[in-house]
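One structure below.
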2 protein chains.
Amino acid sequence: MTSTNVERTVFIVSDGTGITAETFSHSVLSQFEEAQFRSTRLPFIDSREKVEEAVAKINRCAQDTGKPPLVFSTLVNPDMAALLKDANGIFLDLFGTFVKPLEEALGMKSSHSIGRSHGSGTSQKYRNRIEAINFSLSHDDGQYVHGLDKADVILVGVSRCGKTPTSLYLAMQYAIKVANFPLIPEDFERGTLPATLAPFRKKLFGLSILPERLSEVRNERRPNSKYSTLEQCRYEVAEAERLMRIESIPFVSTTTRSIEEISTKVLQEVGLEAHIY
Amino acid sequence: MTSTNVERTVFIVSDGTGITAETFSHSVLSQFEEAQFRSTRLPFIDSREKVEEAVAKINRCAQDTGKPPLVFSTLVNPDMAALLKDANGIFLDLFGTFVKPLEEALGMKSSHSIGRSHGSGTSQKYRNRIEAINFSLSHDDGQYVHGLDKADVILVGVSRCGKTPTSLYLAMQYAIKVANFPLIPEDFERGTLPATLAPFRKKLFGLSILPERLSEVRNERRPNSKYSTLEQCRYEVAEAERLMRIESIPFVSTTTRSIEEISTKVLQEVGLEAHIY
């Protein structure tokens with residue numbers, strides 16, 4: 001355990017954006033709780049010259065810090081990957097490691113073409129993402145009720161329970177059109193769903209939250225307001241959950257979940273498991 | 001090349017959301033252009049029972065399709081990963097493959113704890129993300145000019161050049177506060193930046209786009225309007241680029257780039273390379 005509390009440099013080297021590799025490296029490295037990491041992403045490394053520059057950076061870092069940095073690579077081109085491997089670093093080949101067994105399993109060669117992962121900015125799949133983002137933005141917080149029939153999902157819940165980030169994430173990541181609609185004290189007094197939503201019952205999905213957490217979140221926005229009191233939050237959450245139960249709207253708690261976790265729960269529950277191929 | 005045009009099933013098995021593994025598998029599999037894939041994500045597989053259910057699904061699929069499916073695993077727990085490996089599939093261990101060399105390089109053991117990658121919904125890092133999303137939403141399209149001093153970046157460019165998705169992505173992925181502000185014909189007639197932006201020159205970054213592509217995008221929104229004509233788009237793009245050059249605002253083209261690629265370019269150019277650890 002000699003390396004404890006020593007910062008280790010991490011390079012993410014990619015011929016594309018490197019974002020997936022960065023997120024992946026973050027996930028793997030979070031397993032080493034005692035270590036500290038400083039991560040640098042080197043994107044668009046798509047020529048021999050750029051690989052050589054990356055190698056020089058890695059070597060300089062190894063010299064400056066006295067330790068070979070960790071190098072997560074998603075270089076698709078085997079020659080460029082081989083160049084990078086010669087740098088003074090711990091080479092972790094995210095791409096090459098899996099391409100060979102996949103070639104064997106599929107009985108075909110990979111194309112070794114660069115930067116195909118997010119699709120080009122003009123593909124139909126890409127246009128669908130942009131359209132979903134625009135839809136989710138314009139149907140945020142019940143601000144626009146036309147076109148709700150085109151929504152894939154309509155999230156409902158009390159103000160500040162996490163509807164907006166979840167809607168935008170689902171649109172951005174999965175091209176799913178997600179509207180969201182607040183449940184407010186008037187709805188609880190009336191004891192029914194907003195009339196606007198009645199025709200779309202099957203698309204509704206609820207988010208809930210612990211009142212204590214909701215009160216914290218609201219207090220950050222509007223300190224010392226009635227809206228942010230624990231009492232008001234308890235009332236709204238209890239009434240919203242009661243209404244969702246009466247109306248048979250499934251719901252999940254957002255309290256300790258990240259946007260990714262909430263979004264995954266929503267997809268699971270509404271059976272909209274996305275097939276991204 | 002016997003497998004050509006046969007669909008292969010892909011399972012993504014994770015004790016967390018599996019989103020990173022899904023994106024990664026998509027990226028690797030896009031190298032096999034002749035194959036078709038059907039992907040199913042099995043998230044939150046965090047107990048022996050759930051692994052056994054996953055194994056049963058994989059085995060059923062192998063039987064039904066007559067081919068062992070591809071299984072991308074990010075199970076952190078080695079016992080659970082071993083269970084999954086026994087399924088009738090091509091086992092690709094995203095996690096285990098890299099943990100061992102990392103343990104050796106770092107001279108420490110990994111914690112094998114589950115589901116740490118996105119942080120809990122209550123951590124400071126997570127709150128920063130939510131705050132950045134709220135900031136970017138409320139400062140979208142120049143709709144709210146107070147608090148621009150708190151922006152990390154202010155994107156400028158003509159209407160529909162990609163400012164909004166880029167702003168939201170940077171906020172969501174990197175907790176960066178990104179405002180965006182349209183450049184409109186009035187600005188071009190006046191020949192100067194909007195006065196509101198003058199104090200924030202150093203935070204400005206431009207997006208541009210080919211007029212032909214802009215005209216397409218605008219036509220989807222407002223068909224047959226003057227706003228969408230190629231002539232108008234040519235005028236606006238030329239004037240916006242002229243203004244950005246005069247004012248020394250760096251800019252990148254969004255024409256054939258994905259949101260991830262545009263965002264990465266912005267981070268590179270403004271020197272805001274994110275250190276996510």
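We number each residue from 1, going along the chain as drawn.
Every residue, even glycine, has its Cβ placed from backbone N, Cα and C.
Unlike curated records, TrEMBL annotations are generated automatically.
Annotation for A:Thr164 (ADP binding site): spatial neighbours A:Asp140, A:Asp141, A:Asn180, criterion Cβ-Cβ under 8 Å with sequence separation of six or more. Annotation source TrEMBL lists ADP binding site at A:Gly157, A:Val158, A:Ser159, A:Arg160, A:Cys161, A:Gly162, A:Lys163, A:Thr164.
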Task: All-chain count of other Cβ atoms within 10 Å of A:Val158 (ADP binding site) - done: 27
TODO: Write out which of the listed binding-site residues, namely A:Gly157, A:Val158, A:Ser159, A:Arg160, A:Cys161, A:Lys163, lie with a C-beta under 8 A from a C-beta of chain B, sequence order kept, or 'none'.
DONE: none
Open item on the list: Neighbours of the ADP site A:Gly157, A:Val158, A:Ser159, A:Arg160, A:Cys161, A:Gly162, A:Lys163, A:Thr164: Cβ within 8 Å of the Cβ centroid, same chain, sequence order.
Closed with: A:Asn180, A:Pro182, A:Leu207, A:Ile209, A:Thr254
Task: Fewest Cβ neighbours within 10 Å, where candidates are the binding-site residues A:Arg160, A:Lys163 - done: A:Arg160
- [ ] Give the helix, strand or coil assignment DSSP yields for A:Lys163 (ADP binding site).
- [x] helix
